[in-house]
């Protein structure tokens with residue numbers, strides 16, 4: 001656990017304690033499990049976003065990707081009556097393909113990640129709306145989806161499956177990022193791509209790898225989110241989720257300049273965002289202020305981190 | 001004379017109307033230290049960029065062990081044993097000195113390095129040795145961005161040293177070094193050349209060139225004007241005139 005993760009953990013405890021003091025319902029089992037569910041749902045694609053940010057990239061298309069993959073997923077299950085493991089596989093592979101497309105456009109054609117994924121955001125949202133003729137897609141009288149419903153939105157030992165899925169994803173990606181050679185490559189590329197290239201690292205493949213993982217995790221999140229909402233409205237499903245993911249990654253210590261961040265930090269960032277949302281609800285703050293509260297806390301967090309960093313640098317230089 | 005390890009044949013590169021490198025031929029032989037000398041804008045760094053695949057040549061060939069490497073990507077060429085340093089160093093500033101060196105030699109796998117513990121010990125030993133030879137053992141845990149300038153210069157050499165590369169292309173490696181650091185650098189490079197490493201360096205300090213180089217290739221406006229023994233090149237009044245700013249017609 002690094003200094004940033006510790007600081008974020010402490011901030012979580014403080015905010016949690018204040019909220020619980022103001023309204024003890026915050027610590028009720030129902031509220032905590034509901035939050036755990038949301039943390040799981042938002043944490044998985046935030047980890048994908050974090051990996052991309054570590055390579056000094058960004059993915060603005062995540063929310064629209066969720067919408068497009070979501071309508072395709074529901075269509076496959078409901079209208080094509082595809083056996084659900086195949087439908088899940090199609091969504092995961094489609095996520096990988098979209099990630100690969102972003103990675104190739106960024107590395108082979110030299111386009112800026114911001115531009116590539118901004119275009120992706122517009123294209124995927126438009127495609128999702130066109131695909132359903134702007135209509136909401138639900139499960140209706142779809143065949144036997146009990147197993148999938150249980151897997152995606154059920155509970156084991158009282159813990160929501162999305163949260164358990166997040167723990168598994170965090171563990172696997174944590175090992176990949178912090179213990180494998182690929183992880184070291186991700187940091188190296190984010191810190192200095194040219195130096196990495198001349199160290200013999202295939203920097204293009206590393207960047208494509210990050211976008212692939214981002215796409216795969218977006219695909220997995222789609223499956224879970226579709227069963228959370230039970231339907232997909234293509235104009236609103238996943239709206240702003242890319243910003244949640246970026247906020248979680250940045251709060252969790254990822255630098256938009258690349259080369260910094262940890263899986264634990266991203267998960268803690270996601271937890272903080274969900275606590276803030278919960279705090280708005282539970283303390284009776286007008287829900288219209290939801291984004292304003294989140295934005296203010298992120299700004300304060302980044303400012304505090306910058307001040308600590310400067311102080312540390314000044315002490316080191318003294 | 002031994003066969004060249006790396007050869008450049010008729011290498012040509014234009015940027016718009018500017019001929020950055022013009023039909024350059026050059027041979028780098030094992031254990032021979034060649035200095036690329038010439039005024040600013042002569043095309044020395046561009047020649048390095050062409051050899052290491054940073055930019056693609058318009059025409060000509062780069063041969064490593066007699067086989068063409070033109071068109072290969074920089075990371076492929078690095079893996080083939082051609083290492084280079086940059087004027088602006090390009091280190092991983094927020095990584096430690098040890099991690100910087102380790103990153104340069106860990107490039108054979110995706111998930112885990114092959115060879116298990118023994119291979120890991122070998123890599124650690126290579127890092128230790130590179131740090132010791134460059135005098136950076138005490139700074140192993142420091143971040144590269146926190147090092148003094150001379151130490152960062154030595155770190156860029158340590159990264160190359162640890163790779164065991166056969167060819168070193170050093171771009172102004174001694175610029176900005178104080179007298180003591182310069183002496184350490186000269187001894188380090190001499191030792192590497194004595195061990196059979198083929199070195200080509202771009203250097204503006206003619207004292208260092210005289211001290212180190214076995215051969216000098218003189219470039220001006222992208223063309224190689226002369227190549228030979230240091231005494232021969234550095235005593236040519238026309239070349240020295242060009243070097244110090246007298247334009248040729």
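Quick reminder: no glycine exception, Cβ is built from N, Cα and C everywhere.
No curator has checked TrEMBL annotations; they are predicted automatically.
Cβ atoms under 8 Å from those of the transmembrane segment (A:7-26) belong to residues 1, 251-253, 265, 268-269, 271-272, 275-276, 278-279, 282-283, 301, 305, 308 of the same chain, restricted to positions at least 6 beyond its ends. Annotation source TrEMBL lists transmembrane segment at A:7-26 (among others).
Distant neighbours of the transmembrane segment (A:32-53): 59, 62, 66, 113, 155, 158-166, 169-170, 173, 177, 186, 190, 210-211, 213-218, 220-221, 224-225, 228, 241-242, 244-246, 248-250, 252, 254-256, 258, 261, 263, 265-267, 269-271, 273-275, 277-278; these residues of the same chain sit at least 6 beyond its ends, with a Cβ under 8 Å from one of its Cβ atoms. If you look up TrEMBL, you'll see A:32-53 (among others) marked as transmembrane segment.
Counting same-chain residues at least six beyond the ends of the transmembrane segment (A:60-78), those with a Cβ under 8 angstroms from any Cβ of the stretch are 45, 48-49, 84, 86-88, 90-91, 94-95, 98, 102, 114, 117-118, 120-125, 127-128, 131-132, 137-140, 142, 145, 214-215, 218-219, 221-223, 225-226, 231-232, 234, 237-243, 245. Summarising the annotation, TrEMBL assigns transmembrane segment to A:60-78 (among others).
What TrEMBL lists as transmembrane segment is A:84-106 (among others). Sequence-distant contacts of the transmembrane segment (A:84-106) (same chain, six or more residues past either end, CB-CB distance under 8 Å): 57, 59, 61, 65, 69, 72-73, 76-77, 112-113, 116-117, 120, 124, 145, 147-148, 207-220, 222-223.
Panel annotation: around the transmembrane segment (A:113-131), residues 52, 57-61, 63-65, 67-68, 70-72, 75, 98, 101-102, 105-106, 234-235, 237, 242 of the same chain, lying at least six beyond its termini, place a Cβ under 8 Å from a Cβ of the stretch. Marked as transmembrane segment by TrEMBL: A:113-131 (among others).
The transmembrane segment annotation in TrEMBL covers A:163-187 (among others).
For A:208-228 (among others), the entry in TrEMBL reads transmembrane segment.
Summarising the annotation, TrEMBL assigns transmembrane segment to A:286-304 (among others).
Same-chain neighbours of the transmembrane segment (A:286-304): 8, 11, 247, 250-251, 272-273, 276-277, 279-280, counting only residues six or more beyond its ends whose CB sits under 8 Å from a CB of the stretch. Outside the transmembrane segment (A:208-228), and at least 6 residues removed from its termini, the chain residues within Cβ reach (under 8 Å) are 37, 40-41, 44-45, 47-49, 51-52, 54-55, 57, 59, 62, 65-66, 69-70, 73-74, 88, 91-100, 102-104, 106-107, 148-149, 152-153, 161-162, 165, 169, 173, 182, 186, 237-238. Within its own chain, the transmembrane segment (A:163-187) is flanked in space by residues 36-37, 39-40, 43-44, 47, 51, 54-55, 156, 196, 201, 203, 206, 209-210, 213, 217, 220, 224, 259-260, 262-264, 267, which lie at least six positions past its ends and keep a Cβ under 8 Å from the stretch.
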